[in-house]
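Annotated features in TrEMBL:
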REGION    A:1-26  region 'Disordered'
TRANSMEM  A:30-47  transmembrane segment
TRANSMEM  A:59-77  transmembrane segment
TRANSMEM  A:84-104  transmembrane segment
TRANSMEM  A:110-134  transmembrane segment
TRANSMEM  A:141-159  transmembrane segment
TRANSMEM  A:179-199  transmembrane segment
TRANSMEM  A:231-254  transmembrane segment
TRANSMEM  A:260-278  transmembrane segment
TRANSMEM  A:285-303  transmembrane segment
TRANSMEM  A:309-329  transmembrane segment
């Protein structure tokens, strides 16, 4: 949970001799995709149910929500911050959207506009974490934890004891209707990933988020005011969580306060497994997507090959550690700082 | 770092001094009022209802039922929630019991079986009137305690069996089903599954293809069902869920998979499930009357606290009992759509009218 | 547009307004007067050297010039106009930019992005990057200084010297912000460069003069005189004088800096007895190989200082770290005083009496927020302990003694080491190996990097003293002159191999040229 | 040694060696936050500030204090331990299962076992250079899985209460024994750190691992030790939980993870390592406990309780964080 100072980075290079300047993907980036292919292959051999087309569809559909959450969290991790606010923000936006589209609680029927409001609510809550980070100078670990609690509170307030059920055909359709074999939800997630990747590559926000993770102090020396970008990144992450809340609501057909339970750690796990460093400055959306698929394939595959549900979590944990170890070990140096 | 050293010394000093001077005792300050005294002024009674969270319709309705009862006797209910966190429930209870416990009435939903003993013992020690519902270890006897007035639950084995039978009927007496279990650490989940097993024994042509836990959660049920549907495909004719939330999650999964030929049953009779039964998408559920549960626990405590009912006058069979429940299917669902509490249910001489007999 | 009017060439005024002028600048820090009325004039199209010891106020002055420090008094004039500089951006808008002493590039961005960072201009439209434009902008900057770096290479894959070029290219971006020749400040640009790289840099600096004014800061006085037109000297927060570079010798500058006649030969060449060459060496290295070096043989006698020289990539730093167990080895044997040295880790090396002063003082040499005392006793814990217990009083006595012996200037032994000046920090780091009195082999990796003349001189004196007391020393010097001046013997390394050995006894020193021939 | 060549007058350095009033205030901030919170709760419900109520609160806080204290060591070294809660849950199950065989020795066996498990994580961390976040995240799910399997996913009742009864006693009639144990633990660990080179090593490791290593500090061993103590503390906390709940359960302590980390941060320990202390975590744990149990008890409705919890915890950190010690807030 710390940054590598530029000096460390310098040294790394000096000691590694003189690597050729590179632009593309390095060998260390190839680890997670290889792991994904290997794990997929192993399950495919072990379980005939796993290698069916319908199961592959199922895996992709199941990965949709996590992918959207991970899109958001990747930007935050890239900056070297951390974000635990997904459960709260998703809960709030899930209830909000359920109350805004056609539902059994009130006469609202705002359709897409309601979805937009829920996403905005997520963005606003994300903005709150960002503001607390830059204004109060409280570490993101705490601000996002606090905002998560606030989000759950807001969700509980709106919930008011009666489950809001979605009757809006559009929102329900997202989870049911299919295009090219995948649910609309999954296509929305794919779109999110594309947007995320474009933002990361082509927008100042994305590049600065990356730079903040690399050497925040340098940005200051170059006359870049970092704070607005940090707030913007958290806001964007919040919007992604908001959308994820909407997707969960669409899947469940109802707004649940617990819509986002567990997504914080799963998303971090996915991002890290995909090769994003918690210390920031490395990784990205496409890395994270590989991580999401890895985690989802694991979950699905373990059920398919019939591993006891008790053990599933443990096996997953073990594989995550092993995956990271496999990625880290070849690059191990003496006196390397590991936090 | 100055913070450290001086503090260290001070704290160690004080503790050691305290320890050596006074020795150790078993009692904290206060507490320990005689239990069954039962002479509280009705206005002095504090009513507390505690459930997991308010973000669950059944439990929110429970608290609302408690409010309704409180209003009936001119009091307010303190609503506590612990977010399904056993530790937090214990913490809240012990904090509550550290306050004024003289006329305290608690209607508690323990998070799991194992959470009941410490709550019971805390209440006993502090002399607070306690009614628990749903979860209790089988070997813990209510009659051994004075201030633990009653334990109410539904016969989970019976519920599990009833919906199991209904499911068997719905699939035409033969075919594969999958089961979604609740939180494995709860008596309710275990009993209900035992009921399903009884039902399966009685319907030998119904085959249990798979059982997985979805922790009573709608979202988890959705995921688990999706995976199991892929795994077993068209062999699945029915889904047995240990509560309605999971049944509703399973319904979503079925809808997303484009399957409308699978029967789904659940337990609890939450409003959404009732609607689903009305629509015909769900087959059956068993009623658990949340509002009544929220009121009755407080009512028992209130009656004892105000002296209208003495603990020793409560029959042993009413100290731990099964409440009345109904199998709800499409033909009788209309009767249950809007549960109302009936003030008469909470009258001190009518408290145990819904009893279906002592817990076995 | 007043600026433009004022800088219009006026036939009645013979010389144009100075590019930059500082008038009686004052800056107080709690307890310290960092700037005490500094005056400075930077003419257009000149390279002005700025010299002064650590603590003379150089860095504060430079920071004030780029808006990182708000002065308490005095004025800054840019091309005849009085300005207030509130931030780096402000300074850049006035055409002032600085290459910072510690490289300030974002390692995980491309060179192009670093060059345009903070002033992307047409490279970013509505928050969206236009990579082709960005690349072109960066290429223009790189072309200006004649560098052939790929603008889209990730910065952390570039060599150190290339990164320095990127920094200069980046600083030149400020040209785009103003219509005037910019003022470029180079703060210690050479401190980590090898001689060849320095030469390239100087060529660029001379080119810069064509269209900009340059303020050049370095501790190497010969360099300053080499590249600058004029040198201004600071002492104790005041300007003490200016000399045209052509007329001055390093000794003159040095005299001005310290305010008295200093010895030109600050290397204190081998005053003690010559180590007995015939005796068994204290350190015997045979066939040491690692990732970036092969088959290195090395002998160091007690009381001897052996310098290792070589260009970047020669592997000398890694050999040094390997001897301390901080870099893995694949083959070879190291014997210290007849006993095989365990190279598995730094602990073992410390226990065997090996000491190491890393080049990166701030990140590797010291623990910044910890006190002087704790830093000094970090390694030799036994020196402040009785059995397993720390004895604060024992530590205090010991630390105070060493603070006095090495004349470390610190308000208190409990002061955080990061608030000391570089030279004093380095002395604490050195003292770390001395407090227990059991050090037998000292590995010094650029021990004088970033230190001023006075502090250097003290470090040299200390090294000499340690050698005389029998410590064997391996020195990776900051400059060839330093290596020659300090060492009794010099090993030349090239491409990971120790190629040549040159004796350098007092009175029989080789010339830098001799060594350079061997190095390439 | 001869007089230094330096003739420039030394800057009149009067930077005081002793902390200023402001610095002192920052170091007491956790306590101030605690007092302010207590006062606020008392204003909200005057009945809250009673001896028995405070007694109950500190009794409640004991396991959290112990968990947070252990994890503080790891945080001081610059890492993080996310496995404490899951390990604690696992330990409650172990305790319940072992008690019939081991009797009075169970407590020690548990602490030894969890210490060993902690050490194992530490070894994995330093040997394979896997970030502690990942190692302990993996540990978290593995311990949970083991706990579920060996307990058959259900609570294990503890019938023989003699082994844990001592923890339910009260010292001097008012101070719960569990809290005294927690205090003694914090005091003892702090004292050991202070009196031995350990504190130097831990702080050096946390502030700058590479510098510590190059100074010959036993960085790897210090880290493993920190994880060991953290694990052992999880074991002790488990014993406390069992003494309170009369059972072990595979999920019993799982929800204490975020409160424990919150306690550390609220105490003002820098999550990046180096700066902080166990005493700060003690104060932090009390603040978090007051928030967890105090808010609902004084009658804050559950929805607002969560909002307030979130807001207060951020405010508390804003108050206690010594920003002069942390340059960049991530």
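Keep in mind that glycine also has a Cβ here, set from the backbone N, Cα and C atoms.
What TrEMBL says about a protein is an automatic prediction, not a curated fact.
Note that the structure is a prediction, hence the values are computed from the model and not measured.
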Cβ-Cβ under 8 Å with the transmembrane segment (A:231-254): same-chain residues at least 6 beyond its ends = 64-65, 68-69, 71-73, 75-76, 79, 81, 83, 85-86, 89-94, 96-98, 115, 118-127, 129-131, 133-134, 140, 144, 163-166, 171-172, 174-175, 185, 188-189, 192, 196, 199, 205, 209, 260, 263
Ask   = Are there residues at least 6 beyond the ends of the transmembrane segment (A:285-303) whose Cβ is under 8 Å from a Cβ of it, and what are they?
value = 29, 32-33, 35-36, 39-40, 42-43, 46-47, 50, 55, 58-59, 62-63, 66-67, 70-71, 73-74, 193, 196-197, 200, 266, 269-276, 309, 311-312, 315-316, 319-320, 323
Query = Going through A:84-104, A:110-134, A:141-159, A:260-278, A:309-329 one by one, which has the most CB pairs that fall under 8 Å from the transmembrane segment (A:30-47)?
reply = A:309-329
Message = Using Cβ atoms and a strict cutoff of less than 8 Å, what residues sit near the transmembrane segment (A:179-199) while being 6 or more residues removed from its termini?
response = 53, 57, 60-61, 63-65, 67-68, 71, 74-75, 173, 205-206, 236, 240, 243, 247, 250-251, 284-286, 289
Task = Count the CB pairs under 8 A between the transmembrane segment (A:260-278) and each of A:59-77, A:84-104, A:110-134, A:141-159, then give me the winner.
result = A:59-77
Remark   = Contact set of the transmembrane segment (A:84-104) with the rest of its chain, CB cutoff 8 A exclusive, min separation 6+ beyond the ends, reads 69, 72-73, 110-111, 113-115, 117-119, 121-122, 125-126, 129, 141, 144-145, 147-152, 154-155, 158-159, 164-171, 237-238, 241-246, 248-249, 254-264, 267
